[in-house]
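Pulled from TrEMBL:
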type	residues	note
BINDING	H57, H59, H114, D133	Zn(2+) 1 binding site
BINDING	D61, H62, D133, H171	Zn(2+) 2 binding site
DOMAIN	14-171	domain 'Metallo-beta-lactamase'
Amino acid sequence: MSRLKVSAVPVLSDNYVWLITNPDTGETAAVDPSVGDPVLDEVATEGLRLTQILNTHWHPDHTGGNQGIKAATGAPITAPAEAQKVSSVDRIVSEGDRVTIAGADAVVWDIPAHTAGHVAYYFEDEGMIFVGDTMFAMGCGRLFEGTAEQMYSNMQRIAALPDDVRIYCGHEYTLANARFALHAEPENQDVARRLEQVSEMRERGEVTLPTTVAQERATNPFVRALDVEEFARLRSEKDSFR
Ligand SMILES: [Zn+2]
């Protein structure tokens, strides 16, 4: 079904750099490279050709590897304008722009709130979206540069995609999010089951991503919030939840 292959390079304490590879050509894009060397090592080990760098937002744990990877490979950097605060950018993108990545088409979405210029890359034909720090499995990003209204509408927009669209997030936060989700919806059996699954996966050291639109509709309290007031209450409760 899907043509491109996606793999995770775990870096720092809980970041994932996603590698999007075209298996026919070896062309590979690195999404949100926090650091350069582990990404370059992985690409060399797998015999891939790193030809593009994509950023979802400007935070240094999503852009810190840009310059090192570009220097080593010549790969151009595609990013929202805000990334220029911390990196050179070869192509600035925003809502509705189309980009070709490893031979496949993606459309850019503006999804501000975690940062003011945060974008997502949606590969409609491949059934996958890269959402950075906007949505996490069973959770959502913090509101550093935007409002609850913006973030709630981002949740609704992503959740309106087809059920089987895979969602690639920037961090391994699923276990902590699952605990909060059960606190938010103690009667939700899907949440209880997923918490158990995710605990086992993390004990085995497995990556819990990507998630899917269907899973998030069933288990993500921020997606399931009935209105922006409920969303805002959950978001502020999560900020201090332990
Ligand atoms: Zn961030």
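Heads up, the Cβ atoms here are built off N, Cα and C, so glycines get one too.
Please treat TrEMBL annotations as automatic predictions, because they have not gone through curation.
Annotated features, which come from TrEMBL, shown on the structure.
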residue	record	DSSP (3 states)
H57	Zn(2+) 1 binding site	coil
H62	Zn(2+) 2 binding site	helix
H114	Zn(2+) 1 binding site	coil
D133	Zn(2+) 1 binding site	coil
H171	Zn(2+) 2 binding site	strand
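When the alpha carbons of H62 (Zn(2+) 2 binding site) and H114 (Zn(2+) 1 binding site) are compared, the span between them is 13 angstrom. Taking the Cα atom of each, D61 (Zn(2+) 2 binding site) and H114 (Zn(2+) 1 binding site) are about 13 angstrom apart. The most densely surrounded of the binding-site residues D61, D133, judged by C-beta neighbours within 10 angstroms, is D133. If you measure from the Cα atom of H59 (Zn(2+) 1 binding site) to that of H171 (Zn(2+) 2 binding site), you get 13 Å. The Cα atom of H171 (Zn(2+) 2 binding site) lies nearest to that of D133, taking the binding-site residues H57, H114, D133 as the candidates. Candidate binding-site residues: H59, D133, H171. Those with a Cβ under 6 Å from ligand 1, in sequence order, are H59, D133. On its own chain, H114 (Zn(2+) 1 binding site) has H57, G132, D133, T134, G141, R142, L143, F144, E145, G146, M151 as residues at least 6 apart in sequence with a Cβ closer than 8 Å to its own Cβ.
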